[in-house]
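Q: According to Swiss-Prot, the record shows the following:
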BINDING   His108, Cys114, Cys133, His139  Zn(2+) binding site
MOD_RES   Thr96  phosphothreonine
MOD_RES   Ser144  phosphoserine
MOD_RES   Thr155  phosphothreonine
MOD_RES   Ser165  phosphoserine
MOD_RES   Thr188  phosphothreonine
REGION    14-17  region 'Interaction with host APOBEC3F'
REGION    40-44  region 'Interaction with host APOBEC3G'
REGION    54-72  region 'Interaction with host APOBEC3F and APOBEC3G'
REGION    74-79  region 'Interaction with host APOBEC3F'
REGION    75-114  region 'RNA-binding'
REGION    151-180  region 'SOCS box-like'
REGION    151-164  region 'Multimerization'
REGION    159-192  region 'Disordered'
MOTIF     108-139  motif 'HCCH motif'
Amino acid sequence: MENRWQVMIVWQVDRMKIRTWNSLVKHHMYVSKKAQGWFYRHHYESRHSRVSSEVHIPLGEARLVVRTYWGLHTGEKDWHLGHGVSIEWRLKRYSTQVDPDLADHLIHLHYFDCFSESAIRRAILGQIVRPRCEYQAGHNKVGSLQYLALKALVTPTRAKPPLPSVKKLTEDRWNKPQKTRGHRGSRTLNRH
């Protein structure tokens, strides 16, 4: 029997972001109770030696599995120390990988109070408008002019601590181009 390879997308991340993600998930599972039904699996409960944690998030019949890894091959740069995240959507026996934006949007649809597009219609009809969205990471588009005006009128309050965002977990602060300064501090190099 020959070896068969299975390829999956693993987002390379900083280990401190993984620690922050895990603590936010646990806080909202056990303290604030906003993550009802979420399941956290520790590294010692996994059969795979590279898995450091798993978070199972029910989405109706389906579920989202956010798996963090350690001990992977290091990246091109010295600071890529072999930590990563994979995001998988599962429904019965079917599974596919999703990107962090879609994962945040799916979580937003199923959990957390939202101040959304329907707020415009409710405000025009004179109904009570919920003044905040608890999960801003789930909004990935620019709102309409009426929505932006209503949002400016009703200032949202910030949830402390913030809700766990898959996009925040996977964003890489090192891959942004550095701004270097030329002679006397003028921005002449790497101007994009």
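Quick reminder: no glycine exception, Cβ is built from N, Cα and C everywhere.
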Q: Using C-alpha atoms only, work out the spacing between His108 (Zn(2+) binding site) and Thr96 (phosphothreonine) and round it to an integer in Å.
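A: Between the Cα atoms of His108 (Zn(2+) binding site) and Thr96 (phosphothreonine), the distance comes to 19 Å.
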Q: Would you mind checking how many other C-beta atoms are within 10 angstroms of the C-beta on Thr96 (phosphothreonine)?
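A: There are 8 of them.
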Q: Give the mean pLDDT for the region 'Interaction with host APOBEC3F' (14-17) on the 0 to 100 scale.
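A: When the pLDDT values over the region 'Interaction with host APOBEC3F' (14-17) are averaged, the result is 78.
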Q: Using DSSP and three states only, what is His108 (Zn(2+) binding site)?
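A: Reduced to three states, the DSSP call for His108 (Zn(2+) binding site) is helix.
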Q: Can you tell me how the residues of the region 'Interaction with host APOBEC3F and APOBEC3G' (54-72) break down into helix, strand and coil by DSSP?
A: 0 helix, 14 strand, 5 coil
Q: With every protein chain in view, how many other Cβ atoms are within 10 Å of the Cβ of His108 (Zn(2+) binding site)?
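A: The answer is 21.
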